[in-house]
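Scroll down for the structure; my scribbles are underneath it.
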Amino acid sequence: MGGQDAVSERQRSRVLVVTPGFHGYGASIGRALERRGFDVTVHVYDAVATREKAWNKLRYELPARLRGREGEMSGQKATRRALDRIRQVRPDLVLTIRGDILGPEFWQEAASAGRHSVLWLYDELRRMHFDVDEISHLAAVASYSALDTAAMVSRGIEARHLPNGFDPTITPEGTWPADPITFIGARYPGREAALDHLWEAGIPVMAYGRFWSRHPLDRLRTWRLSAPSYPSGRDTTLGQAYGIMRDGAATLNIHRDQDGFTMRTFEACGVGGVQIIDRDDVAELYDPGTEVLVYHDLAELDEVCRRVLADPSRMSGLRERARRRTLAEHTVDHRVRVIEEMW
């Protein structure tokens, strides 16, 4: 009876997920919560119409680039819209993903009227623009960063470490080349150096994303003139990214100055891809050598890629083990169960 009562209580609970639009991850979390029995509404706080995007580039992004803070939009506008959504939905529970452009009025409203609020961070605190100590009085806090979680706990914040997760309900789209070593994501110096090195060494590579693309529109929207010498593609849908990682010889997961693991860590393994990653501590999640491949410098990256390309069929066991491990331990459904405990 107790279990049935708990399910009925969840079904009566309205959840508002307040999230950036980044790759639709908030929608994945919302669907996972629905599978747990909640009545879920997803609000994308940085969604803008096409004409408004052009205005945002001139009004917010260009000045932000000149000041050295890229990608900003109107925090006041995002806050106002999120407040309106809370008042419209009247949720019992609020889950905010990142949310660092949202003002204090949002956090106060999210915790008012007896609501329970959780903040889930998928970036390091040093790259965000809010006072988590203040917000922690209004919302329970989870972070994908183990170091940030430990730092918050040391300051008296009851934070929980919660990594990203794989959405197994998204179907891989398309059929993609089997030959290249692929990379999907933003163009940072370390990532560019790795791809340049492999290309110059004669290893086939392909990079996907607006920051790599040669398309004139992508060059304009990313404020750049240059493009890499190796093959590149435009932004992909998440389903297309799944297909690229599944079909390619291997996919690179190159972190920058971060200790949290990117979403690609779980997605590449979840679709049965061969993941080549630059982090020894991935051993906390996957077994190096049997579920993922780890490299430490460009020379070793070269060696690992050549080994994969020499006999791709040898990787079939690794692909299957990576997929099984992900489905058993690292899906978004596993993660939302922790969120439930925090509410």
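Glycine is no exception: its Cβ is also placed from the backbone N, Cα and C atoms.
Per TrEMBL, the features are:
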| type | residues | note |
| --- | --- | --- |
| DOMAIN | 193-340 | domain 'Spore protein YkvP/CgeB glycosyl transferase-like' |
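Mean model confidence of the domain 'Spore protein YkvP/CgeB glycosyl transferase-like' (193-340) amounts to 96 (pLDDT, 0 to 100 scale). When DSSP labels each residue, the domain 'Spore protein YkvP/CgeB glycosyl transferase-like' (193-340) comes out as 77 helix, 18 strand, 53 coil, counted as helix, strand and coil in that order.
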